[in-house]
Amino acid sequence: MDFSIPPTLPLDLQSRLNELIQDYKDENLTRKGYETKRKQLLDKFEISQMRPYTPLRSPNSRKSKHLHRRNTSLASSITSLPNSIDRRHSIYRVTTINSTSANNTPRRRSKRYTASLQSSLPGSSDENGSVKDAVYNPMIPLLPRHTGAENTSSGDSAMTDSLPLILRGRFEHYDGQTAMISINSKGKETFITWDKLYLKAERVAHELNKSHLYKMDKILLWYNKNDVIEFTIALLGCFISGMAAVPVSFETYSLREILEIIKVTNSKFVLISNACHRQLDNLYSSSNHSKVKLVKNDVFQQIKFVKTDDLGTYTKAKKTSPTFDIPNISYIEFTRTPLGRLSGVVMKHNILINQFETMTKILNSRSMPHWKQKSQSIRKPFHKKIMATNSRFVILNSLDPTRSTGLIMGVLFNLFTGNLMISIDSSILQRPGGYENIIDKFRADILLNDQLQLKQVVINYLENPESAFSKKHKIDFSCIKSCLTSCTTIDTDVSEMVVHKWLKNLGCIDAPFCYSPMLTLLDFGGIFISIRDQLGNLENFPIHNSKLRLQNELFINREKLKLNEVECSITAMINSSSSFKDYLKLETFGFPIPDITLCVVNPDTNTLVQDLTVGEIWISSNHITDEFYQMDKVNEFVFKAKLNYSEMFSWAKYEMPTNEKSQAVTEQLDTILNICPANTYFMRTKLMGFVHNGKIYVLSLIEDMFLQNRLIRLPNWAHTSNLLYAKKGNQSAQPKGNTGAESTKAIDISSLSGETSSGYKRVVESHYLQQITETVVRTVNTVFEVAAFELQHHKEEHFLVMVVESSLAKTEEESKNGETTDTTLMKFAETQRNKLETKMNDLTDQIFRILWIFHKIQPMCILVVPRDTLPRRYCSLELANSTVEKKFLNNDLSAQFVKFQFDNVILDFLPHSAYYNESILSEHLSKLRKMALQEEYAMIEPAYRNGGPVKPKLALQCSGVDYRDESVDTRSHTKLTDFKSILEILEWRISNYGNETAFSDGTNTNLVNSSASNDNNVHKKVSWASFGKIVAGFLKKIVGSKIPLKHGDPIIIMCENSVEYVAMIMACLYCNLLVIPLPSVKESVIEEDLKGLVNIIQSYKVKRVFVDAKLHSLLNDNNVVNKCFKKYKSLIPKITVFSKVKTKNALTVSMFKNVLKQKFGAKPGTRIGMTPCVVWVNTEYDVTSNIHVTMTHSSLLNASKIVKETLQLRNNSPLFSICSHTSGLGFMFSCLLGIYTGASTCLFSLTDVLTDPKEFLIGLQNLNVKDLYLKLETLYALLDRASSLIEGFKNKKENINSAKNNTSGSLREDVFKGVRNIMIPFPNRPRIYTIENILKRYSTISLSCTQISYVYQHHFNPLISLRSYLDIPPVDLYLDPFSLREGIIREVNPNDVSAGNYIKIQDSGVVPVCTDVSVVNPETLLPCVDGEFGEIWCCSEANAFDYFVCNSSKNKLYKDPFITEQFKSKMKSEVNNTLSYLRTGDLGFIKNVSCTNSQGEVVNLNLLFVLGSIHESIEILGLTHFVSDLERTVKDVHSDIGSCLIAKAGGLLVCLIRCKERHNPILGNLTTLIVSELLNKHGVILDLCTFVRTKGISPKNSSMIMEVWAKNRASIMQAWFDQKIQIEAQFGINYGENISIYLLSDYEKDNI
């Protein structure tokens, strides 16, 4: 047995060999198994040596067989240690390929057809070499058919006629003949004759001409569908006057869209009907239901409105025979793009005439013998009169006659042909029997309708056939010659019903021939490009199957179609009833219209697809739409597309298997180039289809096509896209339609569909929405429409979202009608909701099953919306799939229910550790990670790369310490560190600098005096001596109290920040009392504040409460506060109002020395340095709100020394105190630092400053204030008020006397210029985006990022690190989120990765003096090396002395062993093992950076980067995520989201969300967006999404909690657990991490 380990092996392989040897020795492996696996490892190493840049697999080869590689780059301008290189042989492979770094996971392109036409590429594909002889066989373009100069117009020179000339002819020869009839929804008929039509049009033209408009000016035609006669008059009036018409109406466009059309076209004239004008006058706002006066709108004020209903006729036109100019542009129709954008289709005269001529030829070619009572041509001459009245055809139009196909083939085609058009309201078709009776009544010859309209008519008829008959009369359809049905795809079921169950049953002669689906391009003005014709001239069209030449139907293989191949089957056609599952029935539109060139193209490459392959249909002709109004770039792309011959010839030359085949393909391409030159312009139709026997078959629009990975079902009924799993014996991987060699070819023929690696293979398939819709609607009776689209995630994922319209879902109005306040009815409503939810669950489960059975697809989620709420395509009843997607992304879908299915996502794409039962900080993974980082670091050493024996070691993450043993007063050079307490320093200041200013109240005196309720004493410029007298006054009050206090008694000082507050603190310290400073209670949350106060009083056994006059007045004079205060008054000890104490000049502190020693002196043996004197209570964060910090005189002095020495505080720079005056750094700025440094301290009450900030801001501007401590919220408030004041001062400067004003009294934009150090505290990661937004919002105020200093503080240390005076802007690091999950710090270049594929952080600065920070693994207690993150440990003199835990339920103090241990932690390493550290519980890392300061000097800094707290990180499948990153992603999803909290509870990843106040938050849609973004950006699946009401926490809890969710995570989660939060809605998404672990372990076990 060979147990040797070759030394040349990489470290990871050496480790794996060791594991193998140990497994064999432990008898976990047989001899044969050991030898086999050893050989595999060594062979793999040899292969990797030949390909040195191939990454190795995961260390756990049984669990992870996927390739994994990262590219990294520096993201910031700073120079950092070069620790980021490719991990080529890294043994630390925690994550599977599902978590590939952002650099290697390109996003899916926005084009919906990307990678969908794989089989059109020549022979490409066969990466595995199974199809060696694939040859590129491009389809031959269909050329125009020359139909000859057939006289189609009975002697008219149609090719040169204009519509106004034709109208004039009809007026002259058919003046009394009815031109058109309009039937509204109520059945009222309105008609007009040719003479009235012409004369009224002339009247409109006259009105336009006299308005001094220019030729081709844009005229808005504002008419509804029922105003078809008035609309036709206005349109023809525009034609006659040479103007360009632009149809608009509220039935088609919103007001915003109409305003946009007016601006784009620069229209100044509107022709409008009376009905539409009344709509304008009675327009109401949808938000506040107030009347909107559009006439006063700036846009409409410049427009002239002319009502055409009352204009009358222009009789002068009878006398003259005018000559008409043929306008180039007839009208501009604004259609909507798939994404909802307006695009103006320019409809030109020659396009319209060609459409009419072509339709005339086609209808004439289809003339049948039973048409003999009609004339030979459908077009009637206009230059002479035909007496026979029955020769006219009756055209019954149910399409919108004011636009698109209804306008072209209805109104204008009727004018061109001289027949009778009857325009009916579309609502008539929805009534049973309505359409049939009108057809029979008017004996309609030609029906013009929409496929979905006709479908509803037939369904109504089949449900109740008697509705189409009456007792006196039988419906007879023998009059129908053609049924022209506008559509883009043919629903074969509808065709079957229309022909055989409607037309034929009701007497239509030759129904299959009459029914003619017409391929119309609604997005391009409604022109038609194909319909079944009998024009012949098909000699140049290719024949694929002569047996199917006369057939209009095809049966094609469904599985081949998924790979874009078209395989027809005659057998399936014969046995159509039994071949439904395997073959798809398609119906053709017919041949292209005669004058166009048509080809099928791969839109990705602009190359011809292989013959009988699906692609985008392109057409070329001089008589089709060729312009969008003022959209040049779009025009270039859409209308001037060219075939990429160079690419095709390149394939022929280089990609063919043999020279003979290459030559054959080249010759074929030469032929195509001759018949279709390279400079031919094509129009992209956005239709996906193919050509067979010269006929067009359309499968869908490009927007209705989506891609899916082929899935196989596992034995446990989960799904995977890994087709290699089929080799394990699972035969469901091969669909029925493909077996054996045929299946292999089907899979391998695509280059882009097959994705193969050493352990993975995927095949991408194309699916078409129409087929999905047909299946679901046919099998689920409550579903009526379906939309489906892919999420814009990484390109290989293809996550599908499906939206269904169902009758189970209620609209918003129906839901509101069901609301009630009656208890019984509410219970009943709740029961009904539960039943509805059960039905919804059953519905979505049924859809999931059906989609798998028939299409082998599994959507990621299904949303259920009410019926008729999804947007429809322009001028169609079909769903606008892309618009649905856009509404989904904008959270505008009224989703009532959503259900997810994630099994294949978990198995195929969810990032997870190979060791998903281990923490990334475990001893095992930490060891592997350090070995990997060490190997990387060693490989970048030049000596190592050159073969030298260098073995450099990675540095440990330690800040180093700058220890200051002493601190000296800047003036007297006295050692401040020799004093034992702050009181001794105070006395020294009083004796040496008694007349210098010590403290000052910053409150505006005027503001104080104006308020009768505030009796606080305001002390301005108090000297040291005067301050001592104030302290002495308070000492007298305490000493002489009738209820005496004794040494160590706890007392509470509760007041605003003021001079008297500081004096009271000092007085109590003199008395050796335990001082508990607390902020004043707030009226808004008085109940919670008083509860907290009573809890502290009872826990500490507080003997006295000292308050100022302002708080005393609030408690006693405010009715609301006093009512609440009386409930707790009995629990509160004596309250002393120290503001009432009078200051006497005769008093000094020294006078009380003996009294204090007698009454408050310590007992013998008491260690003063170990006795707490101050308790800091900080309730800002609920996690630590009940943990109170205790400080001794010694610890207070040490903290003051650190602040002074770090900030280099001097006596000549005044201090401003405004924030957090009762604890931490705020307490030190208020009470200690002024005394310690000798600087004057100005104390401001935050509430007063926010009321009137002028004095505070003027002080900052004019005084030499260098350092300022502000909370982020306070900074925002100050900037907001400063901005308002500066704007006010600017307005005042306009006054003439402003020059005389004192500039020191006015606020300038550089108000913060002198403040070099604005300290913003953060307990974890700095909120950099908030600060950036604040600075951007108030950019008028001069404030740079270098002035703002992040302070990293902890509950037990107010100053662990800071950025003060570094003289460099914050250092940006862009971290790879995929590496961060694994515990590794790896930078990326933000320019190289898409937004969201990095985590941006900034440093928290360097450590202060006398502080040592190390980064330690919290599980192993070993120091972390450079390149990984760990827990931040701090050894500092500023650490808290001790703590108390104040239990709110038991009202007592106690110590927690875990927290106690936290104060005296030691590392297990040999380095620094003698030091005791404070464990912060925060994760971060230290990085050495080189950067250039403002003086141009290069400085090296050990910067601390804080990532987040351990309790705010979560582990999912072995990977670590920071909830702050997840929550930021959720908040960025939609502006509706106000607050968000993510936590892990009971194995579930839970997200609590509070939406901003909005009329109708759409929570089902929002949930899906949240789940999608978390999955996309972080690779996590949310399990439960809960929406709380705006006032979501019950009255028993603080409403303020909801305002600051991030600071009150524990309280909110506890309230949720206790069901005290009112839930708006709750969505279950997945089943938790345990299910994912089960699926993964079961899957990997079977794949071993």
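Cβ coordinates are placed from backbone N, Cα and C, and glycine is handled just like the others.
Swiss-Prot annotations:
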COMPBIAS  60-71  compositional bias 'Basic residues'
DOMAIN    5-101  domain 'DMAP1-binding'
CARBOHYD  Asn128  N-linked glycosylation site
CARBOHYD  Asn151  N-linked glycosylation site
CARBOHYD  Asn209  N-linked glycosylation site
CARBOHYD  Asn328  N-linked glycosylation site
CARBOHYD  Asn644  N-linked glycosylation site
CARBOHYD  Asn730  N-linked glycosylation site
CARBOHYD  Asn917  N-linked glycosylation site
CARBOHYD  Asn1198  N-linked glycosylation site
CARBOHYD  Asn1301  N-linked glycosylation site
CARBOHYD  Asn1488  N-linked glycosylation site
CARBOHYD  Asn1597  N-linked glycosylation site
CARBOHYD  Asn1634  N-linked glycosylation site
MOD_RES   Ser99  phosphoserine
MOD_RES   Ser751  phosphoserine
REGION    158-893  region 'Fatty acyl-AMP ligase-like domain 1'
TRANSMEM  228-248  transmembrane segment
TRANSMEM  1061-1081  transmembrane segment
TRANSMEM  1224-1244  transmembrane segment
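Feature annotations (Swiss-Prot) mapped to structure.
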residue	record	DSSP class
Asn209	N-linked glycosylation site	helix
Asn328	N-linked glycosylation site	coil
Asn644	N-linked glycosylation site	coil
Asn917	N-linked glycosylation site	coil
Asn1198	N-linked glycosylation site	helix
Asn1488	N-linked glycosylation site	strand
Asn1634	N-linked glycosylation site	helix
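Every protein chain shown contributes to the tally, and the Cβ of Asn1198 (N-linked glycosylation site) ends up with 20 other Cβ atoms within 10 Å. Sequence-distant contacts of the transmembrane segment (1224-1244) (same chain, at least 6 residues past either end, Cβ-Cβ under 8 Å): 969-971, 976, 982, 985-986, 989, 993, 996-1003, 1057-1059, 1061-1062, 1065-1066, 1077, 1174, 1176, 1178, 1196-1197, 1199-1201, 1203-1204, 1209-1218, 1256, 1259, 1263, 1269, 1319, 1321, 1351, 1353, 1358-1359. The shortest Cα-Cα distance between Asn1488 (N-linked glycosylation site) and any of the glycosylation sites Asn209, Asn917, Asn1198 is the one to Asn1198.
When the C-alpha distances from Asn644 (N-linked glycosylation site) to the glycosylation sites Asn209, Asn328, Asn917, Asn1198, Asn1634 are tabulated, the minimum falls on Asn328. The Cβ of Asn209 (N-linked glycosylation site) has Ser241 as same-chain neighbours under 8 Å, each 6 or more residues away in sequence. If you compare Cα positions, Asn328 (N-linked glycosylation site) sits closest to Asn1634 out of the glycosylation sites Asn917, Asn1198, Asn1634. When the neighbouring Cβ atoms lying within 10 Å are counted for each of the glycosylation sites (Asn328, Asn644), the highest count belongs to Asn644. Across the structure, Asn917 (N-linked glycosylation site) and Asn1198 (N-linked glycosylation site) place their CA atoms 45 angstrom apart. Note: the CA-CA distance between Asn1198 (N-linked glycosylation site) and Asn1634 (N-linked glycosylation site) rounds to 50 Å. Confidence in the region 'Fatty acyl-AMP ligase-like domain 1' (158-893), given as mean pLDDT, stands at 86.
Summary for the glycosylation sites Asn917, Asn1488, Asn1634: the Cβ-based neighbour count within 10 Å is maximal at Asn1488.
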